[in-house]
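The structure appears right after this line, and notes come after that.
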Amino acid sequence: MSKTQNSVGRAGSALQQRVDSFGRTVVEMDRTSLLFAVVQLLLILGAFASFLIQSPWAMTLLYAFLLVTGIGWARRQELTAKLLTFEMTALTLSTLGLIAFFLFLEALPALREMGLGHVLSPFGSNQWSVSQGQFSLVPMILGTLVTTAVAILIAAPFGVAGALFISEIAPDWLREITKPAVELLAGIPSIVYGFIGFTIINKYVSNLFSITPGGAMFTIGIVIGFMALPTVVSVAEDALSAVPDAMKDGSVAMGATDWQTMKSVSIPTAFSGVSAAVLLGVGRAIGETMAATVMISHSRRMLEPTVYNVFDSTETLTTLIASGYGTAPPESTYMSALFVAGVLLLVIVTGLGIVSQLIQQRMQRKLRGGQ
Amino acid sequence: MSSENETPDLTRDTGLSQLVEGTTTGVFALCALVTLVTTVAIFVTLLRPAVDFFASISVATFLTGTEWSPNPSGGSLAFGIVPLLIGTLTVTITAAFISLPIGTLTAVYLSEYASARVRAILKPMLEILAGVPTVIYGYFAFVYVTPALQATLFPNLGTFNALSASLMIGIMTIPMVSSISEDAMNAVPDRLRNASYGLGATKYEVSTSVVIPASISGIVSSYILAISRAIGETMIVVVAMGSQANMPQVRDAILGIPYIHPADVLLQDGATITVAMVNIAVSDLTGGTLPYKAMFALGLALFVITLVLNVISDIIAKRYREVY
């Protein structure tokens, strides 16, 4: 109890200190600087806001901002540099925040009309039918889950083992080849993966398992798994090489072999970082659109005969948006339902991102404390 | 006394432990090789149909042709990559104009000006938002940015246009530039900064003449990553820029050098290499036809561009790397 009060009190006094120091900074500035800073901030804010409300004043304000910044650069370079870098950071974050806000706003009508339960609950009709006005996202959520599960079954083991090899075992010359290959793999546009999957892997898998060639979730999962592979490898490798050499050397000096060192020193120490890598891979797999769009059948229904039949084909959340936005009439429930899918994606991917960030931070704290 | 020369066996090298060591090393090596093999396999897969394609359409025609109409459903065929290249270049350059300066300034703010607490909040936020599915950005461009641009700046902007697509790609790649550049700037040791402050430099002077030069290899790597991301971006382009490969009008300048006015590309709809591939892939095409093979030729072009950018980035990173 007193602990909570203490921490609240500390947070309060920290805030107080920050406000005080900000106040001091403001008071210490000479009047011209203060005026200039305020005008600059107001102008960029005004330009941004009037662009958003589509007012023709946006450009005038932007030019005025550039003019004031130019004058500031000549007269008060130090202050201008600080303000400019701050404004750009704030601008980026607010644009990205606005995108999230816009998604929620557009998703509201569908949620209001259908109810959150109907859209998301697996115990309802589970039907997506535009003609009947049924917009249940459950088949698409299932599709996303299934492809992501297959993808991560490929990306996680290969990725983590690959990272272990690159950071712990590989001789220098092999590392020199493998690391650029991973980077190249990460850089290849997703459409290239998509159409290789569509033209080659699709046919191969349907021949192998004697299924109709229609973009089975299994095939799409494989392709997405290979796309997520470089993400897992590079983040896991970062985590593994962050393990202090002193710890590994200590283990080797005790007579442990490479594998024993990895098993009992490197992996446990870097475990949180490695799991963050896998989570990021999951995020990448969920958010992937293009590769899946060209391969998938776009039949928006539950998988049959069982819900976990990976050789059937349905739709994922991302491909739903990609294939639906062109045909959905604006302002309709259909369109709004697509935005619900967008919100869902944003929430899932952001959630995964936050969790993996927290894990990575915890690992860094632990390593710093352990040294 | 004879035992003094014998070294006692401390390694306990039994057959089993050697087997375990060898097997684990082998398995991990295999897993790492998966990435290597995939890269090579993609290249080979692209190469074979592309070679077929270039047997019927010469490389010169492909690289210099100014009309792109693959018409998978039949009709006249033309395979000139120039309009697609112009589309890709325009989008990439415009996006770079947004992402590189704003991203760098953001990185400077986070690394040099922001307090540790502010940075601990802002940086993860930026990184998380870099993972937002791109179809969302594309939709935002189509629904909000294009109408806003029409109302404020360009009344004759098309519903589908390269400008709003490029703006959104630029915004999408800002976090990539800022996050990697910030890592590089953060790795610059404080003693360099302090030495500079000791000489009487201001914060701005320290940022521009100490921190940025010292971290230039990381900054340039982040630029190249952002650019290659912009080249490969498909979804935003499909949604906001359209998919019709248009050859912009070539104008004659005063000196007689023909040029293309940027407005002719930016304000109109157009297609990039990636979008042209999507168009062929989603149409009802049959394997072995010329449009089908054209897709592989485009894929090969993209692969080569990505490879070249990677190599450049590697060279720059090696050339300017500073180790402290």
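Backbone N, Cα and C atoms are what each Cβ position is placed from, and that goes for glycine too.
Within the same chain, residues 296, 299-300, 303 sit at least 6 positions outside the transmembrane segment (B:26-46) and bring their C-beta atoms closer than 8 Å to a C-beta of that stretch. Among the features that TrEMBL reports, transmembrane segment is placed at B:26-46 (among others).
As annotated by TrEMBL, transmembrane segment applies to B:53-71 (among others).
Residues or ranges marked as transmembrane segment in TrEMBL: B:77-110 (among others).
According to TrEMBL, the feature domain 'ABC transmembrane type-1' maps to B:100-321.
Beyond the transmembrane segment (B:122-145), the same-chain residues lying 6 or more positions past its ends with a Cβ under 8 Å from any Cβ of the stretch are 106, 110, 114, 160, 164-165, 167-169, 171-172, 174-176, 178-179, 182, 233-240. The transmembrane segment feature in TrEMBL is assigned to B:122-145 (among others).
Under the heading transmembrane segment, TrEMBL lists B:157-177 (among others).
The transmembrane segment annotation in TrEMBL covers B:210-231 (among others).
Among the features that TrEMBL reports, transmembrane segment is placed at B:294-312 (among others).
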Grab the same-chain neighbours of the transmembrane segment (B:210-231) for me: Cβ-Cβ under 8 Å, and only residues 6 or more beyond its ends, written as numbers and ranges.
-> 88, 91-92, 95-96, 99-100, 103-104, 107-108, 111-112, 169-170, 172-173, 176-177, 179-181, 183-185, 187-188, 192-193, 196, 201, 273-274, 302, 305-306, 309-310, 312-313, 316-322
